[in-house]
Amino acid sequence: MDKRQLYDNFIAIEEEMKRMLSSFETIKSDMTGVLENNAELEIENQHLRERLSEIERQTSKDFNESSDANLSKSRQNLEKLYDQGFHVCNIEGMYGSRRVDDEPCAFCLDLIYGEREI
Amino acid sequence: MEFTINRSAFIKQLTDVQRAISSKTTIPILTGIKVVLTASGLLLTGSDADVSIETFLSVEDEANNLTIESTGEIVLPARFFSEIVKKLPQDTFSLTVTDGYQTEITSGSASFNINGLDANNYPHLPEIDTDDNLIFSGSILKQIISQTVIAVSNQESRPILTGVHFVIENGEFLAVATDSHRLSQRKITLQGANDSKYDVIIPGKSLVELSRMIDDSNPDIEMRISENQVLFILGNTSFYSRLLEGNYPDTSRLIPNESATGIEFSAPKLLSAIERASLLSHESRNNVVKLAINAAEQKVVIYSNSPDVGNVEEALEFSNLSGNDLEISFNPDYMKDALRSFGQTEIKVAFTQPLRPFTLVPTEDTTQFIQLITPVRTF
């Protein structure tokens with residue numbers, strides 16, 4: 001009798017695990033969907049931001065002369081990298097390393113916005 | 001080796017030497033203190049390989065009350081030795097090295113026996129083979145150190161920036177430190193340094209230790225620089241520090257030459273306002289306060305916002321506001337450090353653009369001391 005019940009319990013647990021596995025799979029595929037959606041939204045958001053800043057630049061051109069409009073293409077690239085949280089200065093070979101806690105770096109800003117005699 | 005000495009005079013020197021001794025050193029003998037007894041006096045040495053401190057107790061100085069029975073040298077475990085000496089019962093104590101490196105310390109009826117080490121195994125101190133020296137007044141040097149070390153980087157991944165850059169040229173002395181977020185620079189005219197030309201980087205930690213040793217009784221400090229070491233001489237004490245190798249980045253171009261907006265504050269009042277604003281900024285993820293300057297309405301307001309807690313807004317007291325309107329965000333902790341270094345004085349803050357660093361200088365003398373803070377970009 002006892003042995004029989006033990007076996008039944010095993011069957012029950014097996015069923016339970018199978019059910020859990022299948023729900024795992026559904027959750028996983030759901031999550032993949034959400035992540036994809038998130039990436040798409042992020043890209044769309046970036047596009048919208050770009051569009052927005054473009055519009056802002058057009059409307060308030062004289063307000064802030066330091067805005068991207070005056071930067072050369074290569075400086076804009078550096079600015080983009082900096083804004084993503086990386087060093088663009090090369091003090092002690094730091095170029096491309098992560099800015100700790102996104103703290104500002106005076107050397108990077110000088111490279112991006114500073115005057116440079118060529 | 002055997003001598004008797006005044007305990008309080010000895011403890012005073014011992015404390016200075018102990019600053020250099022670290023318990024975390026990788027060279028075991030450096031946890032010890034080297035005691036060398038010659039006919040002219042007693043030489044104590046402590047070192048952690050980066051910083052070495054040496055001090056001399058002369059037999060001629062009556063305050064030391066030094067009597068020498070026989071000369072010699074020994075290395076004693078610094079921590080035990082100093083604790084023992086500090087707790088001895090009488091005004092004087094005697095130290096005797098007996099068999100091998102057994103050392104007997106006696107004072108009154110108390111007697112300690114501790115194991116020493118062979119002083120021949122102690123590393124040699126760096127040699128500074130120059131007579132070219134620079135003289136600082138102790139209080140000025142202490143001030144320069146305290147004003148610059150605040151901006152030193154504590155990230156070991158950027159070794160050069162953990163030091164303070166000392167440049168001596170044309171009779172002018174310049175000390176500058178930056179961790180790339182902020183910068184602090186102090187300039188003085190140095191008497192009697194007309195021909196000297198130096199460009200060295202001294203570890204910030206060494207300078208902090210040095211400044212702790214400068215008290216009011218040290219009026220003048222002599223500095224000597226060799227290829228990879230710097231030596232500071234304070235009376236009977238010599239302080240050696242390793243120099244950092246490498247080239248310090250060009251910081252002169254970080255300091256803006258012109259400004260678009262200028263404004264004056266009382267440093268202590270601005271400091272308390274920033275302290276209030278930072279109460280909330282510390283709770284938020286990016287720790288920034290925003291400063292909004294409106295030149296037309298003559299209004300300056302700081303804001304800080306922490307989404308979970310709430311926000312703060314404060315109109316600031318200021319004078320002589322001129323230039324363009326501006327909104328700028330920055331880390332309040334850097335601002336606090338900078339403002340504290342000014343003490344009770346009026347300061348002038350100069351901004352160029354919202355994304356470029358801004359500067360703080362004393363209103364009275366705008367060239368000798370400058371603090372620079374890099375703003376945070378907010379979206």
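Glycine is treated like the rest: Cβ placed from N, Cα and C.
Just so you know, TrEMBL annotations are computer predictions that nobody has curated.
Note that the structure is a prediction, hence the values are computed from the model and not measured.
Among the residue ranges A:31-58, A:59-86, the one that TrEMBL annotates as coiled coil is A:31-58. Taking all protein chains in view, 24 other C-beta atoms sit within 10 angstroms of the C-beta of A:CYS105 (Zn(2+) binding site).
Per-residue confidence over the coiled coil (A:31-58) averages out at a pLDDT of 90.
Looking at A:CYS89, A:CYS108, the binding-site residues in this record, the fewest other C-beta atoms within 10 angstroms of the C-beta turn up around A:CYS89.
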